[in-house]
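To start, the structure itself, in structure tokens.
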Amino acid sequence: MSYSWLDEESTISLDRRANQKTPFYEPIVNTFKDGGYNPNVSYHYNPDVSKYHYGVRHPMKPFRLMLTDHLVIAYKLYEQMDIYQPRRATKEELLEFHSEDYIKFLESVTPDNAKKYAQHLRQFNIGDDCPVFDGMYDYSQIYAGASLDASRKLIAGMSDIAINWSGGLHHAKKHEPSGFCYVNDIVLSILNLLRVHPRVLYIDIDLHHGDGVQEAFYLTDRVMTVSFHKYDGEFFPGTGNHDEVGLGKGKHFALNVPLHDGIDDESYISLFKSIMEPVITNFRPTAIVQQCGADSLGCDRLGSFNLNIRAHGECVKFVKSFGIPMLVLGGGGYTPRNVSRLWCYETSVMTNVKLNSRLPEVLPFRTFFQPDYSLHPNLGDRYDNKNSKKYLENLRNQLLENLRYLRGAPSVEMQEIPPDLQNMTTDEEQEILDRLNRESEYDAHLDEKRYWLNTKDQARVSEQVD
Ligand SMILES: [Zn+2]
């Protein structure tokens, strides 16, 4: 069936009956590719998050999240997942990691009163990368709230894989924003997971080093951080060389994979798998947080790698294949049409669904995806690959050498339950259980609300203009 005449014009609605016959997706039944692993997947998205603007020239475009959501809905992936519209993170929740004066500042500063805060703007590193924009604090609460909600579903055993594409803002520090990130939703959700999980593995495949998360857990052996990124000593944030391995008790529990421009699908996947397999089998995480920054794709506005969507997804699929509870987050990504393609594709990977490469005809903002209207445009040949075989081989050997120290780390072997939970009184434990129960009732209500939002999105197709 061809609708080529539609491609010129996104505002025309299709004949509904014809449309119903178009196969949007073909569920894979009985696949053994992942050892038959068929996880419960949940999707955590508050549509308000896409309405904020960092500024016209700023490369971070929250509307990429709306594009992603439209793709997920158009491919009907919501049928394969529990859908939640999470609440915002409270101030108290943000204070679990961030300092009080920083959060107070975020809460009070606006574009109108920014002049009054001149000294604070300097103190808190507010500037071009992290501007003061309207609703900045609300925006931060919304994306952090979604990651926390996702982590709660994992803790409660209600989800095996919980997805928040609006999260993954890995640069934010305890006292200040950094690299387009105001609060660090990743650190907050790992802290939450640590309440019940003895060991959490953090994996970061953003183009940039996951410095904020590494820094937060640099001294502990309960969180292992692994980051694959571009590194030349100058590229933002300037950290992430292979010799950063953690300190004190955390020594050898940080791993960095510094890469040069132009890395291609094959070398990236091969390196990723050969490092991550021994990391997972030696560290034995009980939960994994996977940051899926999309700026490592080829053709990214700020990027210089050559990865295609399938290759990026292959890494996430590999991690999923271990069957360990997993929080899946977004991150960077500055060419919105490719960011949304990637995260929709990765949603399908998590739900074991095979998508038709041709984008659904009923898709708001479909003209964003011209001229190919494909889920898998070729993104892989813009840059020369500056990573020689020899460089990658040496790097791999160096990193594997580091992993030899993982076995037998004291709290990995002996401390199965974190001390704060061991010391918990019955009352405290009951309170947590009650709260989890209350939250699941509340979520069931939102689930229903979310269903209607989906239906509304679909019904509104003919009104969309870009
Ligand atoms: Zn990035």
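Using N, Cα and C of the backbone, Cβ positions are placed for all residues, glycine too.
Listed by TrEMBL as binding divalent metal cation are Asp206, His208; the candidate from Asp112, Asp295, Asp300 that the record includes in that site is Asp295. For the pair Asp206 (divalent metal cation binding site) and Asp129 (substrate binding site), the C-alpha distance works out to 17 angstrom. The binding-site residues close to His171 (active site, proton acceptor), defined as a CA atom within 10 A of its CA, are Gly179, His208 out of Asp129, Gly179, His208, Asp295, Tyr334.
In space, Gly179 is the closest of the binding-site residues Asp129, Gly179, Tyr334 to His208 (divalent metal cation binding site), judged by Cα positions. Within 10 Å of the Cβ of His171 (active site, proton acceptor) there are 27 other Cβ atoms, across all protein chains.
The divalent metal cation site is defined by Asp206, His208, Asp295, and by the 8 Å test on Cβ atoms against their centroid, the other residues of the chain that qualify are Leu207, His229, Lys230, Gly293, Ser296, Leu302, Gly303, Gly331, Gly332, Gly333. DSSP assigns His208 (divalent metal cation binding site) to coil in the three-state reduction, placing it in neither a helix nor a strand. Each of the binding-site residues Asp129, Asp206, Asp295 was scored by how many other Cβ atoms lie within 10 Å of its Cβ, and the smallest score goes to Asp129.
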